[in-house]
Ligand SMILES: [Zn+2]
């Protein structure tokens, strides 16, 4: 019985139970990684069964009453140190939240998710939103139900936002995306008035093996620990972690697109550095987990954009790049290369967008999700709403649904509230990088010299070691002295694109 045990014994029991759940989940992650990289074709059938079995075990362990008893016994116990108290608090929150979902809702959600995913695939094949709309309607009805199950203050969408970014709400996001509209739109108009930048040379033939070597080289330079991870090839690049001592990344290589591998490799490397920097002594516990999707994305985008698309970064790497691909790049100056890799061009597809117009893609999805949740946007008219937004904000005409409302998988999976974390990631990244530039002596000169150790050390001190101990908002205030604001990103964008496009 919990009552007869000391606090230390109870905490030890808690740790064993929660780490056991983490072991099962990490084993699941290994199977998932394998599925995306090396699984032979015939292995898929039983692999599905193995994944379902382990998922069920993880769920059973997490919902077991013994864990609840221990959490109840330790809740509010001030004999525990602050990190231990935080672990108990967060595990209790996770447990309570999980308990809120009625079994019937979970079953409905699983059925509708399956249905809407297949409807989405079918709709894409037919290039017809109307094929997806009935299933999406059901999904949105369930999501509205979920907002009631979870509870919320203010807008119902807040309940869903909170799932991916604890504490995020429409008040905060309205402010930020209004600034995207009012401050980035004029910047975009200025850029559109300039002659287009040439980036054709990025689409010449870039040998696969040489690209692979370049990727490994960049990961090592960034400080990614190859003894605690590895890189493989997959269709969609991703990072997955089984512990801070085994964090895998994947990439893809397109021989006719130099940028494809390069920046996805740096991006995933940024995610991986965060996971490798989480505290090993908190393995499996909340304080050993990433704080939020937005903060995770801030780490990938800081490396990808603030570092990896900067002139400073390529001052060091470009001469070597020219040696690796002499036929393609011998006659291209560093300045032209830098302009090409930062070319701004409004487009239809989010995943192909540049660093600036990207946030209009997210803002549009944010407005739509919010409208779907409060009923101000109808599912039936969604493709028209979508096309109108793209015309208004990105000045492009959507030719068909595949290049419009059907492009992302997220809604078919029921992921509402996820998209904003992509933009938050970039805005956190700008704010963190600005803070690092102030706090780390000679940061820029070190980057020019190809030395990322001071930056990594700063991240390892200020961002990585806390896990979920701080929420994203608390972490941001602690590191930068203020809550998330759009201003640092705007300053960064103005300086960078003003330099490139001469305004
Ligand atoms: Zn990412």
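The backbone N, Cα and C atoms fix where each Cβ goes, and this holds for glycine too.
Sequence-distant neighbours of residue 267 (Zn(2+) binding site) (same chain, six or more apart, CB under 8 Å from its CB) are 237, 300, 301, 303, 304, 308, listed in sequence order. Per TrEMBL, the feature Zn(2+) binding site maps to 267, 271, 297.
Sequence annotations record features per position, and here TrEMBL assigns active site, proton donor/acceptor to 268. Cβ environment of residue 268 (active site, proton donor/acceptor): 237, 238, 239, 249, 250, 251, 300 lie under 8 Å away, each six or more residues apart in the same chain.
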Q. For the Zn(2+) site given as 267, 271, 297, which other residues of the same chain have their Cβ within 8 Å of the site's Cβ centre?
A. 239, 268, 270, 296, 299, 300, 301, 303, 304, 425
